[in-house]
Amino acid sequence: MNPNQKIITIGSICMVVGIISLMLQIGNIISVWVSHIIQTWHPNQPEPCNQSINFYTEQAAASVTLAGNSSLCPISGWAIYSKDNSIRIGSKGDVFVIREPFISCSHLECRTFFLTQGALLNDKHSNGTVKDRSPYRTLMSCPVGEAPSPYNSRFESVAWSASACHDGISWLTIGISGPDNGAVAVLKYNGIITDTIKSWRNNILRTQESECACVNGSCFTVMTDGPSNEQASYKIFKIEKGRVVKSVELNAPNYHYEECSCYPDAGEITCVCRDNWHGSNRPWVSFNQNLEYQIGYICSGVFGDSPRPNDGTGSCGPVSLNGAYGVKGFSFKYGNGVWIGRTKSTSSRSGFEMIWDPNGWTETDSSFSLKQDIIAITDWSGYSGSFIQHPELTGLNCMRPCFWVELIRGRPKEKTIWTSGSSISFCGVNSDTVGWSWPDGADLPFTIDK
């Protein structure tokens, strides 16, 4: 085949391929056009696939008013409820540096509230967190029993002193911040600022560091303003939906109230507090919903504060021996009897025990009938406080008494650059319990301390 014949042959093949391609394209266009005509003339023809529409309705959790009218449940001992192990976990995890943890429950859940230092454990910003009051401290909360971290915690308020409680509808939080000579308490209801309380003595306005108490839609808290080592001023506040509706200043000469642990009982409120001035036994105040109040000291010779003397003869006024300084604590009143929570050490914040004194609310002897170990004297404890589980949460027909214990680690007792704590909690039951030691258990110092 000569060159001209090759050119003619190749050209013919290309022309045939082109014609075939053109015919295929024309066929494709005709097919699409016919399909469109069929759909146009049969508009009611069912779709080839089934389409389903899902409708979602958001259901709000039911709200109730926590009545608080029930009496405390009868109990024979204390069952462990939670332990967060936050210092142990914080050696390798992102855990907040905290102090002053406390627990409060709604009708649906219990949460741990705590005052952060704006820092994480084992981090440079944990240096110097032994300080109580700073602009970096905030009130946050997380589910009870969980280590407080940036991933499970909810911001509540800017605060270096705080309280919180649930009325059955929303959370009330009280956060105090600002300078010592002019701090302000910011009240929030459902996360929204609803009221404020200005320091009235311009001397470190402070509140409970544990839950406030709610009865029939009203919540109650106690605040202190004035010296920590002599006569100060104390007020009870009645709060409804986040707004102060009434307050009364206690007429309490020679009394000293700080960091009260309050709970509802049969429609009234009982608060057991810290005397940082001159009492090694604990002062109390009880009041009704109109803020008509009574005051006193726990009479028992089983003393509840630390430091304190050895148990002996008590007083229904302040017991002055070793009465200066103190630690936040609690007790539960049962008629003339009292459950007393206290450190095991008479001089330091170490160990913890629960003691039942069947006549200790009104009598001054030091006899008691039950003691349950919580923390060994060789392990650190710290603040402690009460909280209540309402019948709307438990399904019981009574108020379940519970308490938490702060387990302080770090400065000033240990060689670290930081101060923080974990917590444990117990609830009262009328069944079998056991005494043991549930310490913090962290191995110090951390890497940042070396």
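Note that the numbers count up from 1, one per residue, in the order the chain is shown.
Note that Cβ sites are derived from N, Cα and C of the backbone, with glycine treated the same way.
The transmembrane segment annotation in Swiss-Prot covers 7-27 and rests on sequence analysis.
Annotation source Swiss-Prot lists region 'Involved in apical transport and lipid raft association' at 11-33.
The topological domain 'Virion surface' feature in Swiss-Prot is assigned to 28-450; the stated evidence is sequence analysis.
Per Swiss-Prot, N-linked glycosylation site is recorded for N50 (among others), and the stated evidence type is sequence analysis.
The Cβ of N69 (N-linked glycosylation site) has 14 neighbouring Cβ atoms from other residues within 10 Å, across all protein chains displayed. Per Swiss-Prot, N-linked glycosylation site is recorded for N69 (among others), and the stated evidence type is sequence analysis.
What Swiss-Prot records for R99, R133, E258, E259, R274, R349 is substrate binding site, and it gives sequence analysis as the kind of evidence. Applying an 8 A CB threshold to same-chain residues 6+ apart, the list for E258 (substrate binding site) reads R206, T224, S228, A232, C273, R274, D275, N276, G326, K328.
Sequence annotations record features per position, and here Swiss-Prot assigns N-linked glycosylation site to N127 (among others) based on sequence analysis. According to its DSSP assignment, N127 (N-linked glycosylation site) is coil. Non-local contacts of N127 (N-linked glycosylation site) by the CB criterion (under 8 A, 6+ apart in sequence, same chain) comprise I417, W418, I448.
In the three-state DSSP scheme, D132 (active site, proton donor/acceptor) is classed as coil. Neighbour count (other Cβ atoms within 10 Å of the Cβ, all protein chains): 14 for D132 (active site, proton donor/acceptor). Marked as active site, proton donor/acceptor by Swiss-Prot: D132.
N216 (N-linked glycosylation site) counts 15 other C-beta atoms within 10 Å of its own C-beta, drawing on all protein chains shown. The feature N-linked glycosylation site is assigned by Swiss-Prot to N216 (among others), with sequence analysis given as support.
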Max pairwise CA distance, angstrom, over record-listed substrate binders R99, R133, E258, E259, R274, R349 = 20
Ask   = Reduced to three states, what secondary structure does DSSP give R274 (substrate binding site)?
value = strand
Query = Given the recorded positions N69, D132, N216, which lie close to R99 (substrate binding site), meaning Cα to Cα within 10 A?
reply = D132
Ask   = Taking the Cα atoms as reference points, how far is D132 (active site, proton donor/acceptor) from R349 (substrate binding site) in Å?
value = 17
Key: By Cα-Cα distance, the member of binding-site residues R133, E259, R349 nearest N69 (N-linked glycosylation site)   = E259
Mean per-residue pLDDT computed across the region 'Involved in apical transport and lipid raft association' (11-33) = 60
Ask   = What Cα-Cα separation, expressed in whole Å, is found between N216 (N-linked glycosylation site) and E259 (substrate binding site)?
value = 24
